[in-house]
Each structure stands twice: as structure tokens, then as C-alpha cells.
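Swiss-Prot annotations:
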ACT_SITE  Lys76  active site, charge relay system
ACT_SITE  Ser151  active site, charge relay system
ACT_SITE  Ser175  active site, acyl-ester intermediate
Amino acid sequence: MHQMTLAEIARGLAEKKFSSEELTRVLLSRIAQLDPQLNSFISLTEDLAITQAQAADARRAAGENGPLLGAPLAHKDLFCTQGIRTSCGSRMLDNFKAPYDATVVSKLASAGTVTLGKTNMDEFAMGSANESSHYGAVKNPWNLECVPGGSSGGSAAAVAARLLPAATGTDTGGSIRQPAALTNLTGLKPTYGRVSRWGMIAYASSLDQAGPMARTAEDCALLLQGMAGFDPQDSTSIDEPVPDYSASLNTSLKGLRIGVPKEYFSAGLDPRIAQLVHESVKELEKLGAIVKQVSLPNLQHAIPAYYVIAPAEASSNLSRFDGVRFGYRCEDPKDLTDLYKRSRAEGFGPEVQRRIMVGAYALSAGYYDAYYLQAQKIRRLIKNDFMSAFAEVDVILGPTTPNPAWKIGAKTHDPIAQYLEDFYTITANLAGLPGLSMPAGFVDGLPVGVQLLAPYFQEGRLLNVAHQYQQVTDWHTRAPEGF
């Protein structure tokens, strides 16, 4: 039962082959048995899950139907969940229980999903390895000595290990797509504004976006259907009609124009990953796609721009965690200034403190023009590069990551090396574009992903290309040994 995809579960529930409660109990037992090896969950919500599963079964018995009715999943631990700990992977929010549900959580609950728990993550979503969590590093089920990627590493590891069929993630600079690539999943970052950010604890407000993580494009389509849509509570939510993502999965790729940027194949890319990218291009050509080279001339400036903008926004967003209203509070402060200083110094981990300091520096009076304003200009140039490329092609294809998963601890003391792992993913966030990573092979037994990017609100196109690719390849069906 645990091997089933979300789509297979939907069919099984509709045909009454099993109940949601039966499935939920099987998966909760599996999590209890296997997750100690992975550390993919921060909180388990067994009682809530059984209650939701029983309610879903009752709704189905009353004649209701729906692809997500009774489907089990987990939420990344930065989505507010009413009455349940929402820690953001940080000591700062270790005891915080949200007073309300995030829009993503409430929309999926209305569709009948069953919440098994909250998944581990890099602290405040800052990281590419899921090593900065207050609750310990998450291990990659493909090799327990390796990282699963981040910051949605808990969601990625749990789905890859077949602890559950799908999970929510968030993506600020690749935090859905990069862990999806490193754990053999399909992960989608929607267009900025496609999915509500209300109740999603912010890292960088102009870059953050929630999305689905699952084993197949078909499953991502089902989950995105339940997540997407306008939300008046989110000022950045865009009132754009939500198409039927599943309906477009089987569209032929004949004549589809795929662009491969020449700048993607630079010195930092593992040549074995480059080879797998070229092989995936050949498969898509066999399906009728037309492949041509395009250029993204400002790609080289993306990482410096991103690591000014994201920390700048983080320094502002995280200023609310001061030990006064909620979250961690130091003991016996001498005065208000001491309360602020010690609560933040003790509550935040080193990577979060590093980014807050970088961001505050970039926003300071003497450096705002030189750093923050300059980074925003580069952001506009990157966006223009994509607009020019999409005038010639329908989809852009390239590697998701420059390297496969690395050993836990290997890059902990070298932040720059870790930041460079985001080279291919951050541009979609800077431009607000939708991006998808899909399984494309293995290097030394570790999964590798290929990334697809499309124009605004063309998530359906990305899912269609990935689904067609998954009809002629079997990378996405492979499971890690022992899980």
C-alpha cells in the first residue's frame, strides 16, 4: 500500500479497495518504524490524521468524491497549523502553536486530505542541505550519509522513502526543486502568486512560493489543484483562473520548443549530470519536441543578487522574533535591549544569524544603493533575459543542481559552496517563474534531476512535459533500498 502514488490511492479509494483510515494507519506505522533513520518529521499528528481519515471515509460513504479525499500527506513545518506546533525548524519557535491554519493547509483539508505530520526543514527555510534544523539533520534515503537537499528536505526524504505519497514544500531559491532532484522526486515551484502565502512563515516575501512534492508529475498536478487559487488574505496572490492541471497531462509534445541555455554548461557542473541532461533532451526530441540553444547572459550575476535580496528581506521578516510576544525568550534579561539580544542570539542558529547580518548590512544607509538597489536591477535584467528566451521557446530545460547529494557535514563550514548548489534554481524565484524538477537518472547511485522552466502561469505545460517524459522513462519509479 505504501508504494502507491497519489493517483493510485485516489483510484483505490474511489473503487473502495481500502479505506482512508486503513491507509492512514499503515503509513503511521511505517513512519514510526522507519523515520528514526531519516529524521524527516518534526511532529506527528496521529490523532488528527485518524480523525481526518474517518471524516474522509464518511464523506465518501455519503456520495462525495474527489482525487484528494482521504489522501494522506504532510506539511513542511513552516505552514501554520491550528493548535499544532509550527517550529520552522528553529529553537525560536520550538513551542509555538499557531492559532490558525495557513491557506494551503485549510484548502487541502477542505479537499479531504489527511495530515500525518509536520516535516523537518532547514531553520526558517535557510539552507540547501537540511542541516541547519534545530531538530537535527535529515538523512537522504538513497544514502543515509548524504543530505537530502533543502530547505524542504524533510518532505523530500519522507516521500522518497515511501512514508507517504506526497507533501507540501516551499521554494525561495530552489527549496522544492533541489531536494526533489537529490531524492528522485518530482517537485514544482509555481508562479509567484499562484499559491497563497498566507500563514506560511516568511523567509523572503518576494521570493517565497509554496508547491507540491511527489513521485510523479501526475501526483503534483493533483496536489497543485488543491493548493492553487486566489486568496484575498495574501496581498501578493494573483486572481488568475486555475486550470485543470490533470486534463493537460496527455497533450502531445509534437512541435513543443525547448530551449537549453548555453550558460548552464559551465565549469561548476558535474559532467555526468551534463550527460544525463543531454540524454533527457534526446528523449523529449523522440516525443516530438524541437530543441534549440538559448542564452541567459545575466545568469552569472544571479547568486550574488539573490544572496543580497533574500537576506535583506529575511532580516526584515525575522525582526518580529524578539522574545516579546511569542517564540523563544531568554531567562532573566537585565533590560529590554538584553531581552532582544539574548533571545535572538540563543533562539536563532548560526546560518539564520549569518543571513540576518548580511541582510541588515545590505539595507544599511551607507550600502543600500551599492548592494540592495544594484541587486534589484540585476533581478530585472534576469527577468528580461527570460522574457527574451520565451519569445523563442515554450520551455527552458537544464540541470536542477550542479552536483548530486553530498555527505552530511561536508559543506557546513563553507557557506559559499552550499550557496553555489542553488545556481540553477534561484533564477526562477528572482523572475517569479514556475519551475519543475523531475528525476533523470543516477550518478554513483544518487538521484539527479532535470529542471524545466516556463512562462508565468504555465504550470500545466511543465506538468505535461514531465508527465510525457515519465511515460517513456522509469527513473521516477525507482525506490531507495531498504524503504
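Going from the start of the chain as shown, residues are counted 1 onward.
Cβ from N, Cα, C; glycine included.
For Lys76 (active site, charge relay system) paired with Ser151 (active site, charge relay system), the C-alpha to C-alpha distance reads 9 Å. Following the DSSP three-state reduction, the secondary structure of Lys76 (active site, charge relay system) is strand. The two recorded residues Ser151 (active site, charge relay system) and the residue listed as 'active site, acyl-ester intermediate' have their Cα atoms spaced 5 Å from each other.
Residue environment of Ser151 (active site, charge relay system) contains 35 other Cβ atoms, counted within 10 Å of its Cβ in all protein chains.
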